[in-house]
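These notes concern the structure reproduced below.
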Amino acid sequence: MDMQISRQQAAGGASGHLTIDLGALRDNYLALAAMAPASQTAAVVKADAYGLGADMVSQTLFDAGCRHFFVAHIDEALALRLRLPAQARIFVLNGLQPGNEASCAAMAITPVLNSLEQIAQWAAHAKTLGRKLAAAVQIDTGMCRLGLSPEEQETLTSQPQLLDGIDIAFIMSHLACADEPGHACNTAQLSAMRQATIAFPDVPVCFSNSGGIFLGREYHNHLLRPGIALYGGAPSLDRPNPMKPVVRLDLAVIQTRTVPAGSLVGYGGCFEASGSTRLATIAAGYADGLPRSLSNRGAAWYDGVRLPIAGRVSMDSIILDISALPEGTLTQGSFVQMIGPEQTLEDIADDAGTIAYEILTGFGRRYRRTYIQPDETPAFASTSVNHK
Ligand SMILES: *Cc1c(COP(=O)(O)O)cnc(C)c1O
């Protein structure tokens with residue numbers, strides 16, 4: 001395989017290239033949607049679409065037919081509202097915070113109501129406006145994070161007037177262990193969900209995140225709510241990842257050197273060269289979202305060769321042991337692969353002792369981002385990526 005990025009492009013400035021394949025994103029969306037043909041499929045685009053750019057991601061998914069978008073915060077929803085056509089429905093997962101009622105209503109943002117208090121706030125605002133307001137109502141089926149407790153659900157059932165003025169678009173809940181298909185929590189939450197929705201017979205149900213979609217039909221209901229699988233992350237642990245990779249990260253070599261046996265490498269000198277060792281310093285560090293826990297554990301790749309990280313990850317750089325490559329293969333301006341065909345998002349997350357979600361959302365602002373449009377060819381299956 002040839003180098004993915006030319007020296008001239010490197011000279012253009014950025015020393016890290018993050019490539020986002022919007023075609024793979026669209027294909028992942030369509031593949032998830034095809035798993036549940038009777039359901040609709042939303043997209044979770046919180047945290048700037050898991051670090052990949054909420055505007056580009058949401059527009060691509062809208063074009064693919066997605067009409068329901070979930071973010072965590074009202075500010076994310078307001079930004080998205082200005083970008084997406086009016087047919088897009090935007091939900092705020094973290095709930096209705098006091099003071100946000102007017103902007104939510106004015107901008108046609110659908111809050112997820114997580115407590116009786118939030119239901120009361122929204123109902124009061126509907127009364128003020130003299131019209132019905134839409135909302136999703138979240139119930140807690142066992143995760144103990146957000147949503148109405150079983151007691152609050154009972155209150156709501158016995159006092160339906162609490163919902164006066166509110167148009168419930170969806171009853172929703174969230175699975176705590178959906179990425180572990182055998183976990184007992186899944187079936188327990190499913191039966192809690194079924195129990196709870198008896199009180200709302202005509203209201204559509206929204207239950208499954210990425211992992212939940214793969215738990216089977218009974219988890220699908222009316223609206224799927226995937227995030228990570230859209231972005232190429234594995235929906236289930238300990239199962240092959242069926243999603244297409246969306247992200248590729250290439251990093252520039254900024255210096256190489258050969259050091260003698262006994263040399264101590266990087267901060268703290270916590271890597272000792274056992275023999276004459278060739279090193280390459282590459283231009284990204286923990287400030288760019290490469291966790292410090294990759295120190296002496298992770299690797300980058302070049303042309304099928306694993307290049308272990310030597311010593312600690314610094315703020316702006318990482319040192320690689322490149323002794324496995326023929327001398328002169330890598331020089332200043334060469335690029336190594338951090339995420340791509342040779343090292344998946346999950347590989348790097350595993351090495352770092354974290355999850356793909358944290359790697360994606362951690363990418364800093366210093367990479368040059370290239371979006372491959374859905375109808376543009378080179379996808380990651382080919383060996384070269386076009387950086388413009
Ligand atoms: C983040 C989130 C999702 C998406 O989960 P994935 O595991 O990324 O598919 C869905 N629902 C809620 C409530 C969330 O917070």
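Glycine is no exception: its Cβ is also placed from the backbone N, Cα and C atoms.
What TrEMBL says about this protein:
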- K46: active site, proton acceptor (ACT_SITE)
- Y267: active site, proton acceptor (ACT_SITE)
- R145, M315: substrate binding site (BINDING)
- 246-372: domain 'Alanine racemase C-terminal' (DOMAIN)
- K46: N6-(pyridoxal phosphate)lysine (MOD_RES)
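Counting other C-beta atoms within 10 Å of each candidate's C-beta, the recorded positions K46, R145, Y267, M315 are led by K46.
R145 (substrate binding site) carries neither a helix nor a strand DSSP state and counts as coil. In the domain 'Alanine racemase C-terminal' (246-372), helix, strand and coil residues by DSSP number 24 helix, 48 strand, 55 coil. Within the set of recorded positions R145, Y267, M315, the entry lying nearest in space to K46 (active site, proton acceptor) is R145 (CA atoms). A mean pLDDT of 97 is what the model gives for the domain 'Alanine racemase C-terminal' (246-372). The two recorded residues M315 (substrate binding site) and Y267 (active site, proton acceptor) have their Cα atoms spaced 11 Å from each other.
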